Amino acid sequence: MSYGSCVSRLLRTRVQSVLKKSVHSVAVIGAPFSQGQKRKGVECGPAAIRDAGLVKRLSDLGCRLKDYGDLSFTPVPKDDLYNNLIVNPRSVGLANQELAEVVNRAVSGGYSCVTVGGDHSLAIGTISGHARHCPDLCVVWVDAHADINTPLTTSSGNLHGQPVSFLLRELQDKVPQLPGFSWIKPCISSPSIVYIGLRDVDPPEHFILKKYDIQYFSMRDIDRLGIQKVMEQTFDLLIGKKQRPIHLSFDIDAFDPTLAPATGTPGCGGADLSRRMYISEEIHNTGLLSALDLVEVNPRLAASDEEAKATASLAVDVIASSFGQTREGGHTVYEQLPPPSSPHESENAERVRI
């Protein structure tokens, strides 16, 4: 081995010995599911997000990864409408039951669980599975929509606009039992969820938010208060009195469609990049993030390949910022600078650098 190779190897060993290892053990679950709504393509979201470099980005941040791959959900051959309106109830119920098992297994194994969808009906499974291991969890729901319609208030029949109603204890007597949903047990109470970024809320949803005193911050509130104040109030409510696991459920349509056009229900007036990244950065800084959903990336709805890639890349940015990437740059953290052990070694290192 040459003299230069020996010195280079010595330097690499010394630098690696002072790198602080990440505390994050992250499980990645792909959930290619679209039957919570009617538009095809959102089942391609997990592949698009993976292609945008998700696993490498998390690995570069020092995360210890367990990749469950993309799940294959059991098909339901005959899935009639419920009440002549609700779309694919048996498929949604069964897929979420299967997803809940995997999420529970990941969280029980000590991993922070990242689920990439897929439509937002998947939150029924991710939060249910998470709550089995962490019954005191709290939820930060970042979305343009409240997704809290019930099967009796929805006008679209799409279950991706209803997941919270199945999870909220206060609505237990307001939600009929759909075929395929008998396994679901409400697992969160209204003080345990905060919405951030709402800008398209149906009248029945607004009634529910007010009646059950559910905290939400609309885009108007964010403009009025500033995102820093919004996050301070969110944490004061959810973890101010008790430290507990956080479940971040993030719909890509929270961004303005100029930034994330490849999604099924875009709406003007969404947040810019810095405000949304601040949310995930601050959640990371609590040290309490236990599970994360990133949903509703639909590459088929992009007007161009560039739009599809930009939306998927933004999804990766959200996930990475939840695990330590900052807008200062995502760095493996140093505990200290590596000192030279002797003047001779310092001289050799200088030669290598030159």
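Glycine is no exception: its Cβ is also placed from the backbone N, Cα and C atoms.
Annotation comment: Swiss-Prot describes 1-22 as transit peptide, evidence class sequence analysis.
Taken residue by residue with DSSP, Asp143 (Mn(2+) 1 binding site) is part of neither helix nor strand, so it is coil. Within the same chain, the residues at least 6 positions away from Asp143 (Mn(2+) 1 binding site) whose Cβ sits under 8 Å from its Cβ are His120, Tyr195, Ile196, Gly197, Leu198, Ser249, Phe250, Asp251, Asp253, Ala254, listed in sequence order. Here Swiss-Prot flags His120, Asp143, Asp147, Asp251 as Mn(2+) 1 binding site.
Taken from Swiss-Prot, the feature Mn(2+) 2 binding site applies to Asp143, His145, Asp251, Asp253. Using a 10 Å Cβ-Cβ cutoff, Asp251 (Mn(2+) 1 binding site) registers 27 neighbours.
Swiss-Prot lists His145, Ala146, Asp147, Ile148, Asn149, Ser156, Gly157, Asn158, Asp202, Thr265, Glu296 with the feature substrate binding site, giving similarity to another entry as the kind of evidence. Counting every protein chain shown, the Cβ of Asn149 (substrate binding site) has 24 other Cβ atoms within 10 Å.
For 330-354, the entry in Swiss-Prot reads region 'Disordered'.
Taken from Swiss-Prot, the feature compositional bias 'Basic and acidic residues' covers 344-354.
Cβ neighbour count within 10 Å across all protein chains ranks Glu296 highest among the binding-site residues Asp147, Asp202, Asp253, Glu296. Within the set of binding-site residues Gly157, Asp202, Glu296, the entry lying nearest in space to His145 (Mn(2+) 2 binding site) is Asp202 (CA atoms). Between Asp147 (Mn(2+) 1 binding site) and Asp202 (substrate binding site), the C-alpha separation comes to 9 Å. Within the same chain, residues at least 6 positions away in sequence whose Cβ sits under 8 Å from that of Gly157 (substrate binding site) are Leu81, Leu85, Ile86, Val87.
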